[in-house]
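Peer 1: Submitted below is the structure of interest, expressed as structure tokens.
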Ligand SMILES: O=C(O)C1=C[C@@H](OP(=O)(O)O)[C@@H](O)[C@H](O)C1
Ligand SMILES: C=C(OP(=O)(O)O)C(=O)O
């Protein structure tokens, strides 16, 4: 992808549907009785991987224009797949499916691309094994491919060492097949879309601070879902608007669930001109229009409990921080090292090539005001969030930025380049 510096951004747009909610709508739709119609489903590669895994397990899923229809078969309706389930690049698909497959009456193998095969799976193998699951890493390295042999599971109380919605959701899905209450305690509350959607489908989940209690129910029932715009995708446009002069942008119908809105809170604390309009609740999720204007940003400290609420946005926050007066310190974010790439190393290496003043730390980054970025050739590490963050940096850099291996953007935001073109002179 080639990005030239732009004059400004002006527009009134929508971003594609939320990735986390799109995955869960397919999964819970499949496990429910009856039909689930999904509007605004994200047609990104990760969510399409989830669809193909469920089709492989006998679930009919129709895609008709912008409507996805899942013909649910109930909690006990999945069939043994004829081949390995391939999750592509999607950690969410792999970890949530593991929880769901552990209590089935069949065995199967879960695998994916090279990036997925390098990500840590001990975090799900351990709690599932405690529940009585038979789940093994085929390479004996705590990584995928995973072989799961269906077993009877029992409830547990699990104190997780990481704040991870994928770990929490994996355990919640497994707990649907146990007899009693399962309790999960997180160090800080991670995104709660599984909990909200399960309750919307007739499940029984309660949340007290960062403790989640899942009580099994006899059946879930299919419902219509409207997927809000993905705040993680909106983040790229928000930062692009903030760091280019004379820009103004309205992004409509974006999910602003309080477990996902850390980017808004942090940018506001950096003096960003952002307002939320038309707040409403749609199928349990808080949604709003986000209005953004160019701003003179200032540095901040980002750490502790806010980290899980903006974990995927840190690469683009690092770009915003280059344009913020003073220093921005990001701490407590070691999870960035085990995403699609090591996102600390990737952002520090590539933004440095563009002349940013940025340092890696053990669990984050320190970024100093460096508004004179220069375009050059940069690496995406095949990581969609890295690719799009570098593209945003390129919009405000002098000259031309070339992003290598940018097709990974299709994982979560296939219309990224076209949308940017629509709202700028790119
Ligand atoms: O549950 C989810 O949908 C996700 C949870 C997060 O991962 P972790 O649970 O590993 O933090 C996030 O980074 C990922 O993009 C999506
Ligand atoms: C980490 C991400 O996704 P996943 O874990 O589902 O691969 C992401 O989308 O930034």
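Placed from the backbone N, Cα and C atoms, the Cβ positions cover glycine too.
It should be emphasised that the depicted structure is a prediction, and the values quoted were computed from it without experimental measurement.
Here's the feature list from TrEMBL:
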type	residues	note
DOMAIN	4-419	domain 'Enolpyruvate transferase'
BINDING	19, 91, 119, 166, 343, 385	phosphoenolpyruvate binding site
BINDING	19, 20, 24, 164, 166, 312, 339	3-phosphoshikimate binding site
ACT_SITE	312	active site, proton acceptor
Peer 1: Could you check which of the binding-site residues 164, 312, 339 is the closest Cα neighbour of residue 19 (phosphoenolpyruvate binding site)?
Peer 2: 312
Peer 1: Which of the three DSSP states, helix, strand or coil, fits residue 19 (phosphoenolpyruvate binding site)?
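Peer 2: Reduced to three states, the DSSP call for residue 19 (phosphoenolpyruvate binding site) is helix.
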Peer 1: Cβ neighbours within 10 Å, counted over all protein chains: which one of the binding-site residues 19, 24, 119, 339, 385 has the most?
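Peer 2: That would be 385, with the most Cβ atoms nearby.
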Peer 1: When you put residue 312 (3-phosphoshikimate binding site) at the centre and draw a 10 Å sphere around its Cα, which of the binding-site residues 91, 166, 385 have their Cα inside it?
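Peer 2: 385, listed in sequence order.
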Peer 1: I'd like to know the mean pLDDT over the domain 'Enolpyruvate transferase' (4-419).
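Peer 2: Summarising the domain 'Enolpyruvate transferase' (4-419) by its mean pLDDT gives 98.
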Peer 1: With every protein chain in view, what's the tally of Cβ atoms within 10 Å of the Cβ of residue 91 (phosphoenolpyruvate binding site), excluding that atom itself?
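Peer 2: Taking every protein chain into account, the count is 21.
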Peer 1: Could you state the CA-to-CA distance between residue 339 (3-phosphoshikimate binding site) and residue 166 (phosphoenolpyruvate binding site) to the nearest Å?
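Peer 2: Between the Cα atoms of residue 339 (3-phosphoshikimate binding site) and residue 166 (phosphoenolpyruvate binding site), the distance comes to 12 Å.
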Peer 1: Near ligand 2, which of the binding-site residues show up if the criterion is a Cβ under 6 Å from one of its atoms? Options: 91, 312, 343, 385.
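Peer 2: Passing the 6 Å Cβ check against ligand 2: 91, 312, 385.
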